[in-house]
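These come from Swiss-Prot:
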- 43-336: domain 'Calpain catalytic' (DOMAIN)
- Cys101: active site (ACT_SITE)
- His254: active site (ACT_SITE)
- Asn278: active site (ACT_SITE)
- 337-503: region 'Domain III' (REGION)
- 504-517: region 'Linker' (REGION)
- 518-683: region 'Domain IV' (REGION)
- 557-592: domain 'EF-hand 1' (DOMAIN)
- Asp570, Asn572, Ser574, Thr576, Glu581: Ca(2+) binding site (BINDING)
- 586-621: domain 'EF-hand 2' (DOMAIN)
- 651-684: domain 'EF-hand 3' (DOMAIN)
Amino acid sequence: MSLWPPFRCRWKLAPRYSRRASPQQPQQDFEALLAECLRNGCLFEDTSFPATLSSIGSGSLLQKLPPRLQWKRPPELHSNPQFYFAKAKRLDLCQGIVGDCWFLAALQALALHQDILSRVVPLNQSFTEKYAGIFRFWFWHYGNWVPVVIDDRLPVNEAGQLVFVSSTYKNLFWGALLEKAYAKLSGSYEDLQSGQVSEALVDFTGGVTMTINLAEAHGNLWDILIEATYNRTLIGCQTHSGEKILENGLVEGHAYTLTGIRKVTCKHRPEYLVKLRNPWGKVEWKGDWSDSSSKWELLSPKEKILLLRKDNDGEFWMTLQDFKTHFVLLVICKLTPGLLSQEAAQKWTYTMREGRWEKRSTAGGQRQLLQDTFWKNPQFLLSVWRPEEGRRSLRPCSVLVSLLQKPRHRCRKRKPLLAIGFYLYRMNKYHDDQRRLPPEFFQRNTPLSQPDRFLKEKEVSQELCLEPGTYLIVPCILEAHQKSEFVLRVFSRKHIFYEIGSNSGVVFSKEIEDQNERQDEFFTKFFEKHPEINAVQLQNLLNQMTWSSLGSRQPFFSLEACQGILALLDLNASGTMSIQEFRDLWKQLKLSQKVFHKQDRGSGYLNWEQLHAAMREAGIMLSDDVCQLMLIRYGGPRLQMDFVSFIHLMLRVENMEDVFQNLTQDGKGIYLQKPEWMMMALYS
């Protein structure tokens, strides 16, 4: 049975990278343009998205621009410009004058997952090595990954400050350049004004999105959030409509990023908290569990120190109940649909077909028009079954159908979206797939599924539970005789999918690769037996894992190492670790594995130079002396550090960094009472 409530979902899945040009931007060969600029010793200027007001747009955004707007490259704005660096993995982006909080909330969610971010933002780009003023980004665009090439000229005011997206690190520019690339894809900066978080999340990932109306949310919302935060998801949310800042600190009609969740214990009862961030980088919630709330005194000293950061950075905690009260939509995006099904041990497959509604031929409108034109809509046959049981099985199959309409103009906001939906019929008899079903079929048969209402959205989708068999899908526009193109996709465990009367023939479903699926299933089963694990059980769990990038030199986690790891992550001083705490740990372990593997030369150890490089790679700056001391403390007699010791060091440094940042008032020092100091020094 699916964990997720039957709310309207939006589904996406990305095929392999493509070099196709999109309607919004021309085919530009990044490598050829870069080579030409380097050969000629010049900086790239993108004539298809010039540094002029035409790229800003022609609407209300022009009225917000500062006087004497200029376009400058990052090396003109800072003496040491950086494209990206790992230390900035904390939320550092701030919204500019464009009303694109929906885009920035999605971007902040993307920034929390460096492996996903690196697909959209190639992180090896810089302002030094092979710099020619040209940058490239990738977006999932209506079924394909497309590259978007831009120059690095950015709009600034007279003081040289960025007027659109900026970073709290003044020399960091990946966010501003990504916004420019997305504006180019959309038509202009003006075309980024207003939108849905789900739209940007999908364009960044090609992943699976589900939108939950919080007013209708079921009682298992916390379970959904736990599973979502563990499964490499991107999560955004939106407040109720309006345009003002409320007395409680929330902004009406605004998008936020959900950056974390935490179950804490207050006076022997649990409290469920969610952590959110305002894309403005300021203006925070003022209620219970806000930065100045007295509720924090109910926690253990260690838990308070590691969770509470008194800083007007736009990030704050609030209870799950307050979240449901003050927010209207929760948007969860994952790379594969496996998150939404409990059909264990089976891979997902998908099929994607493109089609079009043509005036006076295939644009038949909704079913109420069935007497005249409904039957003229495109018709698709779908056969589904459970692969492990064959086609004679009667057990239901999880199926997801997604209908996505393509833009009707190169500028995102120039032509509004049409109201779209789809109908699903059960086919009880064999049908010749070369002949369109006649009007009589639709007069005699009632749809198994139909739209509650037609939505003017980029995509409409539905999760279905179908008996094995053959079905008919009819995508349509609310009104007949409107021209548009669409993408129709189906996700299931096994299916065949094709268009009636099409020359393209039968399309068999393709497997979706999810390398984490088996691992996730293993963890879930382990914690079903042991809801809270101690150091011995943690040791058992970690030593059962295969560390793929470490090759034949698989690490061994000693009991002492696991006791040290547990002490670092045990915020409520219970001596055990919950599945939520383990999931946080596992994310950090996977990142540490990548960093270690990159610097290791096949010996299974890091020397001083490699350790220094690994720490820099992770965004941690240690002096030479401290780095040497870390080798003495965590390395062996030969001053070499193995993987397990490296993990312990990384976790400890992250822990100490969080303590300092949460407690410091001036960025230079902190104040701790003696009990707090003893707790942090001895049990961490």
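For all residues, glycine too, the Cβ spot is worked out from N, Cα and C.
As the structure is a computational prediction, the values presented were derived from the model and not from experiment.
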Which ones are near Cys101 (active site): of the recorded positions His254, Asn278, Glu581, which have a Cα within 10 Å?
His254, Asn278
Report the same-chain neighbours of Ser574 (Ca(2+) binding site): residues 6+ apart in sequence with Cβ closer than 8 Å to its Cβ, ordered by sequence.
Glu532
Can you tell which of the binding-site residues Asp570, Thr576, Glu581 lies nearest to His254 (active site) in space, using Cα positions?
Glu581
Rounded to the nearest angstrom, how far is the Cα of Asn278 (active site) from the Cα of Glu581 (Ca(2+) binding site)?
25
Please report the distance from the Cα of Thr576 (Ca(2+) binding site) to the Cα of Asn278 (active site), rounded to the nearest angstrom.
33
With a radius of 8 angstroms around the mean position of the C-beta atoms of Asp570, Asn572, Ser574, Thr576, Glu581, what other residues of the same chain does the Ca(2+) site pick up?
Glu532, Leu566, Leu569, Leu571, Ala573, Gly575, Met577, Ser578
Give me the Cα-Cα distance between Asp570 (Ca(2+) binding site) and Asn278 (active site), rounded to a whole Å.
28
So which of the binding-site residues is most packed in, judged by how many other Cβ atoms lie within 10 Å of its Cβ, out of Asp570, Asn572?
Asp570
Determine the Cβ neighbour count for His254 (active site): the number of other Cβ atoms within 10 Å of its Cβ.
24
